[in-house]
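Features as listed in Swiss-Prot:
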| type | residues | note |
| --- | --- | --- |
| ACT_SITE | Cys74 | active site, proton donor |
| ACT_SITE | Cys218 | active site, proton acceptor |
| BINDING | Asn12, Gln45, Asn65, Gly75, Asn76, Asn158, Asn191, Glu209, Arg210, Gly219, Thr220 | substrate binding site |
| SITE | Tyr269 | site 'Important for dimerization' |
Amino acid sequence: MIHFTKMHGLGNDFMVVDGVTQNVFFSPEQIRRLADRNFGIGFDQLLLVEPPYDPDLDFHYRIFNADGSEVEQCGNGARCFARFVRNKGLTQKNKIRVSTNSGKITLRIERDGNVTVNMGVPVIEPSQIPFKAKKSEKTYLLQTPMQTYLCGAISMGNPHCVIQVEDVQTVNVDEIGSSLTRHERFPKGVNVGFMQVINPGHIKLRVYERGAAETLACGTGACAAAAVGQLQDKLDKQVRVDLPGGSLIINWEGEGKPLWMTGPAEHVYDGQIQL
């Protein structure tokens, strides 16, 4: 039997598994079955806690999408990861350092129960996103057979395309997101964010996630939108990001500096399942 915990960050929901005290392995087929909301547990991503590969770190953090693919980063998941390892007694620290498949991040559990995550330095160099472009720009033209989009491209450990829209409520997220998530200029696919600027300190955002379609919240998407908006001189250093599932606070001092995300992480229930 595998013991697991169901958690969510702003409605972005996770199956979290302790791979430190349990010997676990999940095949892509098993993950797809577990992710099914009718026949399985149901989740956007599976989060796996592993022992650290680096003695200076506390844990290794792995993320699997509902389609079974492993991805580099998940911001909402990172907050749940921090609460999970504390709740399960895997650490007593309030400041937790973990490695991911894209680098190292620091998680800080706040007194009010929210979690602040040092998401690292946003990557704007196209080849490192990865994104096919001759040079780094604040805005790119992205062509599809149906339409041309103005977008920002950035990586928060995973690739993001951010498009500014007049009204996030009326945009066809599924249609546009599905057409862009596999765009040829993003060799590893891309998460597509639709950003409505309310004022320089406040945006609304919907995100079509690579491998998961639209979710109620995307932490890295919120970070990407705030960073792109700041690079385009549209947003302040601190931005409130309203997602369908709730709000996040993003702080960024600018290019070359780490970006910080603060938001909730909620425990739903503990369970066990036979694979």
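For all residues, glycine too, the Cβ spot is worked out from N, Cα and C.
Since the structure is predicted, the reported quantities are computational estimates derived from the model, not experimental observations.
Features recorded in Swiss-Prot, as mapped to the structure shown.
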residue : record                            : Cβ within 10 Å
Asn12   : substrate binding site            : 29
Asn65   : substrate binding site            : 21
Cys74   : active site, proton donor         : 30
Asn76   : substrate binding site            : 36
Asn191  : substrate binding site            : 27
Arg210  : substrate binding site            : 24
Cys218  : active site, proton acceptor      : 35
Thr220  : substrate binding site            : 31
Tyr269  : site 'Important for dimerization' : 8
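In the three-state DSSP scheme, Cys218 (active site, proton acceptor) is classed as coil. Calculated from their C-alpha atoms, the gap between Asn12 (substrate binding site) and the residue listed as 'active site, proton acceptor' amounts to 7 Å. Listed recorded positions near Cys74 (active site, proton donor): none (candidates Asn191, Arg210, Tyr269; Cα-Cα distance within 10 Å). Spacing of the residue listed as 'active site, proton acceptor' relative to Tyr269 (site 'Important for dimerization') is 21 Å (Cα to Cα, whole number). If you compare every pair of Cα atoms in Asn12, Gln45, Asn65, Gly75, Asn76, Asn158, Asn191, Glu209, Arg210, Gly219, Thr220, the residues listed for substrate, the longest distance is 17 angstrom.
Calculated from their C-alpha atoms, the gap between Arg210 (substrate binding site) and Tyr269 (site 'Important for dimerization') amounts to 27 Å. Asn76 (substrate binding site) carries a helical DSSP state (H, G or I).
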